[in-house]
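Asks: One structure follows; several queries about it will come next.
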Amino acid sequence: MKRVYNFAAGPSMLPLTVLEKVQQELLSYQDSGMSVMELSHRSGLYTEVIRGAEQLLRDLMNIPENYKVLFIQGGASQQFAMIPMNLLVKSGKADFVNTGSWSKKAIKEAKKFGEVRVIATSEDENFTYIPKVDSTMIDPEADYVHITTNNTIEGTAFRDFPDTGNVPLVADMSSNILSEEIDVSKFALIYAGAQKNIGPAGLTVVIIREDLIGHAEETCPTMLDYKTHSESGSLYNTPPTFAIYMAKLVFDWLSDHGGIKAMQKVNEEKARVLYNYIDGSKFFSSPVRKDSRSIMNIPFVIPNRELDTAFVKQAQAKGLETLKGHRSVGGMRASIYNAMPLEGVQALVDFMREFEEEHILKK
Ligand SMILES: *Cc1c(COP(=O)(O)O)cnc(C)c1O
């Protein structure tokens with residue numbers, strides 16, 4: 001059976017053992033004679049799945065008691081609207097840090113609901129670094145401060161999170177949730193589309209401090225009110241049952257591999273191997289400032305852009321899939337989420353070395 005190292009930014013690689021388990025259980029889940037896809041979301045068996053997934057995530061991330069974990073649909077993109085609809089309701093003002101394409105989309109959407117201020121941005125240098133944010137920049141009256149902790153397209157990540165004092169800190173963690181240890185209590189709300197580091201597309205995870213729930217306006221659509229999902233245990237209507245089941249298997253896999261602390265070590269090692277090679281190369285280079293580099297998404301460029309296509313094609317022939325950079329940045333990008341093993345990154349570096357030697361000799 002053919003399996004490749006898939007460097008896609010999302011949907012992305014899933015652990016092979018998880019896929020095998022899904023295959024094994026596909027036709028008859030726990031001897032029910034039914035697939036998880038066919039189970040009622042209100043059945044006892046499924047209740048164990050969804051509550052089990054929640055508990056595993058709570059344990060993995062050390063989520064405090066006063067936070068709710070919600071499993072909803074609509075992707076991270078729907079959160080761009082849901083967050084202001086639920087949180088931008090006191091002063092009607094929010095502060096945003098603009099670190100790239102996803103931040104911009106979040107900003108654009110929030111503007112439909114209130115007064116949005118961009119307090120820091122790295123747009124001046126094509127979003128190749130994370131701007132400094134200090135507490136004096138924050139409006140103490142703001143309903144929240146929004147950051148994108150890992151910028152999937154640009155390949156940057158916050159190393160320290162801004163201290164926002166009493167102003168709630170909201171974070172889009174779509175592309176780095178579960179990749180490194182974080183202190184959840186520093187955030188008021190964390191959200192992530194599942195298809196990068198959690199499971200299949202179709203599921204969005206929201207971790208929200210309880211005091212922020214229940215303030216949406218009367219006119220807020222039921223499905224877009226956090227209260228609806230919080231009060232029903234994410235079972236107000238039919239949730240994405242299969243995606244939640246698979247997320248649970250990924251959480252199990254993470255726990256079996258030593259949890260986030262162990263995963264972070266591997267992730268740092270993977271990024272180190274790739275960045276070491278890039279930094280030592282006379283051919284490849286990184287557009288991202290060293291202090292702002294993501295360990296999940298690593299863009300790199302070659303001086304002769306005409307070689308991009310050849311690189312991506314030859315890599316693909318070697319089972320190194322989807323290395324083309326995002327259309328807004330160009331070049332290449334390797335997304336190396338939790339499910340990408342160190343061997344995958346080593347195989348990529350081996351190929352890069354071959355490619356470099358071949359083309360440097362030709363020059
Ligand atoms: C992928 C991504 C999104 C969009 O997620 P969808 O689930 O497709 O809406 C938003 N923010 C970040 C940081 C992402 O990486």
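Glycine is no exception: its Cβ is also placed from the backbone N, Cα and C atoms.
Note: TrEMBL annotation is automatic and uncurated.
According to TrEMBL, the feature domain 'Aminotransferase class V' maps to 4-348. Annotation source TrEMBL lists L-glutamate binding site at ARG42. Sequence annotations record features per position, and here TrEMBL assigns pyridoxal 5'-phosphate binding site to ALA76, SER77, TRP102, THR152, ASP172, GLN195, ASN237, THR238. If you look up TrEMBL, you'll see LYS196 marked as N6-(pyridoxal phosphate)lysine.
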Asks: What whole-number value in Å do you get for the largest C-alpha pair distance within ALA76, SER77, TRP102, THR152, ASP172, GLN195, ASN237, THR238, the residues recorded as binding pyridoxal 5'-phosphate?
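Replies: Of all Cα pairs among the recorded pyridoxal 5'-phosphate binders, the widest measures 31 Å.
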Asks: What binding-site residues among ARG42, ALA76, TRP102, ASN237, THR238 have a C-beta sitting less than 6 Å from any atom of ligand 1?
Replies: ALA76, TRP102
Asks: Distance between the residue listed as 'N6-(pyridoxal phosphate)lysine' and ASN237 (pyridoxal 5'-phosphate binding site) at the Cα atoms, whole Å?
Replies: 25
Asks: How big is the Cα-to-Cα gap, in Å, between ARG42 (L-glutamate binding site) and THR238 (pyridoxal 5'-phosphate binding site)?
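Replies: Just about 9 Å between their Cα atoms.
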Asks: Could you tell me which of these binding-site residues, SER77, THR152, THR238, has the fewest other Cβ atoms within 10 Å of its Cβ?
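Replies: Minimum Cβ neighbour count within 10 Å, taken over the binding-site residues SER77, THR152, THR238, occurs at THR238.
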Asks: Looking only at Cβ atoms, how many others are within 10 Å of the one on LYS196 (N6-(pyridoxal phosphate)lysine)?
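Replies: LYS196 (N6-(pyridoxal phosphate)lysine) is surrounded by 30 other Cβ atoms within 10 Å.
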Asks: Determine the Cβ neighbour count for TRP102 (pyridoxal 5'-phosphate binding site): the number of other Cβ atoms within 10 Å of its Cβ.
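Replies: Step by step: centre on the Cβ of TRP102 (pyridoxal 5'-phosphate binding site), count other Cβ atoms within 10 Å, giving 21.
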Asks: Of GLN195, ASN237, which of the binding-site residues has the most Cβ neighbours inside 10 Å?
Replies: GLN195
Asks: Taking the Cβ of ASP172 (pyridoxal 5'-phosphate binding site) as the centre, how many other Cβ atoms fall within a 10 Å radius?
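Replies: Counting Cβ neighbours of ASP172 (pyridoxal 5'-phosphate binding site) within 10 Å gives 29.
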Asks: Which secondary structure state does DSSP assign to ASP172 (pyridoxal 5'-phosphate binding site), in the simple three-class scheme?
Replies: strand
Asks: DSSP secondary structure for SER77 (pyridoxal 5'-phosphate binding site), reduced to helix/strand/coil, please.
Replies: helix
Asks: Tell me, if you would, which residue among ARG42, ALA76 (binding-site residues) has the fewest other CB atoms within 10 Å in the structure shown?
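Replies: Checked ARG42, ALA76; of these binding-site residues, fewest Cβ neighbours within 10 Å: ARG42.
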